[in-house]
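Asker: Before I ask anything, here is the structure I am working with.
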Amino acid sequence: LQHRTFCKLPAEPGPCKASIPAFYYNWAAKKCQLFHYGGCKGNANRFSTIEKCRRACVG
């Protein structure tokens with residue numbers, strides 16, 4: 001499987017302070033992990049559920 005490039009991006013909470021539970025793909029660990037999204041900006045490596053993260057980034 002050729003990974004999408006956004007799956008390699010680090011978790012990016014962004015500058016806002018909402019602390020919304022979200023998931024990102026941890027490229028080094030090769031798995032989806034929880035992080036807290038601030039609610040604005042950030043990057044494309046952010047998913048509302050672990051299942052969506054796995055579908056996008058896990059082989």
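Every residue, even glycine, has its Cβ placed from backbone N, Cα and C.
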Asker: So, in Swiss-Prot, which cysteine from Cys7, Cys32, Cys40 is disulfide-paired with Cys16?
Answerer: Cys40
Asker: Have a look at Swiss-Prot and say which candidate in Cys7, Cys32 forms the disulphide with Cys57.
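Answerer: In Swiss-Prot, Cys57 forms its disulfide bond with Cys7.
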Asker: Near Cys32 (disulfide bond), which residues of its chain come within a Cβ-Cβ distance under 8 Å, counting only those 6 or more away in sequence?
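Answerer: Result: Phe23, Tyr24, Tyr25, Asn26, Phe47, Ile50, Cys53, Arg54, Cys57, Val58.
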Asker: Which of the three DSSP-derived classes (helix, strand, coil) applies to Cys16 (disulfide bond)?
Answerer: coil
Asker: Around the C-beta of Cys57 (disulfide bond), how many further C-beta atoms are within 10 angstroms, looking at every protein chain?
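Answerer: Other Cβ atoms found within 10 Å: 23.
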Asker: How big is the Cα-to-Cα gap, in Å, between Cys40 (disulfide bond) and Cys7 (disulfide bond)?
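Answerer: Per the Cα atoms, Cys40 (disulfide bond) and Cys7 (disulfide bond) stand 19 Å apart.
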Asker: Among Cys7, Cys16, Cys40, Cys53, all listed as disulfide-bonded residues, which has the most CB atoms within 10 Å of its CB?
Answerer: Cys53
